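What follows is a set of notes on a single structure, which appears directly below.
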Amino acid sequence: MRVIVKGGVWRNTEDEILKAAISKYGKNQWARISSLLVRKTPKQCKARWYEWLDPSIKKTEDEKLLHLAKLMPTQWRTIAPIVGRTATQCLERYQKLLDDAEARDNEELGLGAGEDESSKPATDARGLRPGEIDTDPETRPARPDPIDMDDDEKEMLSEARARLANTQGKKAKRKARERQLEEARRLAFLQKKRELKAAGINLRAKPKKKGMDYNADIPFEKQPAPGFYDVTEEQAKVHAAPVGSTLRALEGKRKQELDEIEERKKRQKKGDGKSNQTQQFVAAREAQIKKLKEQEQIIRRRKLNLPIPQVGERELEDIVKIGQAGELARELVGDGNKATEGLLGEYEALGQAKMARTPRTAPQQDNVMAEARNLRNMMAAQTPLLGEENTPLHGPSVGTGFEGATPRHDVAATPNPLATSARGGVLTSTRTVPGVGTTPLRTPFRDDLNINDDASVYGETPMNDRRRLAESRRALKAGFAALPKPENNFELAETEEDEEEAEEAEPLTEEDAAERDARLKAAREEEERRELERRSTVIKKGLPRPVNVNTYKLLDDLNSAIVEQTDEEMAAAFKLVNLEVAMLMKHDSIAHPLPGTSTPGGLASEYDMPEDDFVAEAKNAIHTELANALGLPGASDEHLRLAIGAAAEENEAAFAEAWAEEREGLVYSPSTRTWVDKTSLSPEELSACYAAMINASRDRVIAEATKAAKAEKKLGKQLGGYQTLNEKAKKAIVDVMEEIHQTKRDMETFLMLKGIEEAAAPARLEKIREEVAVLEKRERDLQARYAELNDRRRENLAAIEQLEEDKIVLAAQVALEAQEGEVADGDVDMNGA
């Protein structure tokens, strides 16, 4: 008898059968799945799926595994779903990587004794010793199928193919057969019923005792709640009867018929491809395996990252044209005098490019091995309480880093020879010398005629020259400072040019970008603040001002208002003030124009803005003079503002009266757009002025009304909800107040009733007490009468009982006497006989 031990290495055939069975039966029926595999148990099938065949498992995540182990040590249950493996696989792979790192370190230090078969771990399926069995074959790759398979394997494969191809089981067939019988029974009953009806026999439907008539009633019907809309028209709508339609057309195709049609199509399609299925199976399997291998190779292949092109097509055309022009010039010179041939050097642009080669890509570090070494060193480290040196780790540039949950990847790109500096014939990919950038310059350095001296440096800039000069000066000053103390002191005055050059010299260390941006931002904000402070008070406070300013007319009006002064200096000072006011108003109309101005845009103001220091001195002088005039020397701005406000309030009434009187004599002239005196105008001009004022007032009223209507409409939209809520709240408040008033009236009524009841209660209580006393007396009399009668009743009952007893005794005596008489008579008869 052959004994089969289930288990062992998995084969490709078993993997495919397992995947097909899982797709049909799911991931819960492992016993049924394992019945398709002769040599595997349900537990092994489940382990094979979750440990190897699950598509969510990724098998090349060593770098991510080490990175997560560094971030979350010993938390394998947390790391497993992130990596896409199980916790056991993560732990085994982690230990294997540490062992590999240790073995490599031993090899580098010369401590390894060489790798042989005995040194290989037993957990590696490829390194098993003879006679050993893999303890965890579910986590290993499948073994290829042999060309000549065993009979058991062929039988298993054919049985699995037949079972998996059968989509309908025994239960499904039985259900289909029951449905067919039920349909045949129904059709036979209908045929019988029709024949009896044709013969004149009507079968009366037998009502079911329990259940529902589904032809007459609607099961689980719920009448809809009456709504707000009238549905009488819909209820009165007449539906046409299905006259001329068959029952089959009304019912449509049943689900069983649809399933049969679908099954018939599947069988037909399967029958068409069944002939060449056997030949196509092997070819399709080989093509699928080949495709998977190609995808694996593509995944392993490194991504090609080319540098950005430094020269475009148009630049290449320009370079070709420049080269052709140089060659033509050289041919022209070569055809002429030989003495001029030496004036042209060899400036071929492709001279060095012919010998140039693409630099080699910098070698990449093995991040997996570096992280494994770091983790191994950290595991072997002692406690920090001992005070020893830190654990030796690789630099921050090597490894996966600590930036996030995913490891850091350094993309390797091919170096660009055009963007790589070539000094001394050696191409370097990094910038080692400051001063010259690694990007190609616009004009290459070619000096065949030795025009530049040897001391000049290629790529120097004026900044580098100034920096070198400042460095030499500092070195010279340091040397002078190191000299011994002089016996005679001499002072040398540094010229202004040297001071300016020293100020222009830049510092040795480059300023940080963040500090520079902060300094420039602070400077801009300070300049903006000063610009805002330089504005006039009218602009700052937004006071009304004229749209257009005529400087000459305004200056004439202001100068004409100057009272004739005996002091000519005071009059000249007033004129200077008026000139400054007119120029400032003109500057405001240009720098801050109002809508409707006639000043063209982009016009620069001719006003010379005074310096900030002069303005500050003038404000201080005005402040001091105003404080002295108000009798508050040394007062602050706030105190002066309060004092001026108090003085203005005292004269407000007088000012209003004076302005009203002055206002009566002024009208607005539309021609000059100013307020003029009435007496200086003719009647026609005065009428035109009044008409213009009326029109302006009407326009202003219309504008204000339009604005008010828009505001009302806008507020109506915004406050419509609030108004509704207000109405509801008002109604609720009114209802509550009415309820309060009604409650107050009820309370007053009940208080009045309380007073009446308190007044009438004593009399009623006294009357009730008298009635109670009468009732109590009557009750006592009746109770006494009842006790007397009860005693007499008991006496009578006792007498009756005594008489009954006497009667019984008397009857007994009579009977006894009669018996004695009979006995005596008997004795006499006996004696006589």
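Using N, Cα and C of the backbone, Cβ positions are placed for all residues, glycine too.
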Point to revise | Correct range for DNA-binding region (source Swiss-Prot, candidates 30-53, 366-389, 606-629) | key: 30-53
**Study point:** Stretch carrying DNA-binding region according to Swiss-Prot (options 76-98, 559-581, 743-765)
**Key:** 76-98
Exercise for review: For the compositional bias 'Basic and acidic residues' (250-273), give the DSSP counts of helix residues, strand residues and coil residues.
Suggested key: 20 helix, 0 strand, 4 coil
Point to revise | Remote residues contacting the compositional bias 'Basic and acidic residues' (515-534) - C-beta distance under 8 A, at least 6 residues beyond either end | key: 540, 609, 612, 615
Review point. Which bits of the chain, at least 6 residues beyond where the compositional bias 'Basic and acidic residues' (126-146) starts or stops, bring a Cβ under 8 A of a Cβ in it?
Key: 7-15, 44, 47-48, 51-52, 88-89, 92, 117-118, 120
Review point. What are the DSSP helix/strand/coil residue counts across the compositional bias 'Basic and acidic residues' (515-534)?
Key: 20 helix, 0 strand, 0 coil
Check your understanding: Averaged over the coiled coil (245-306), what pLDDT does the prediction give?
Key -> 71
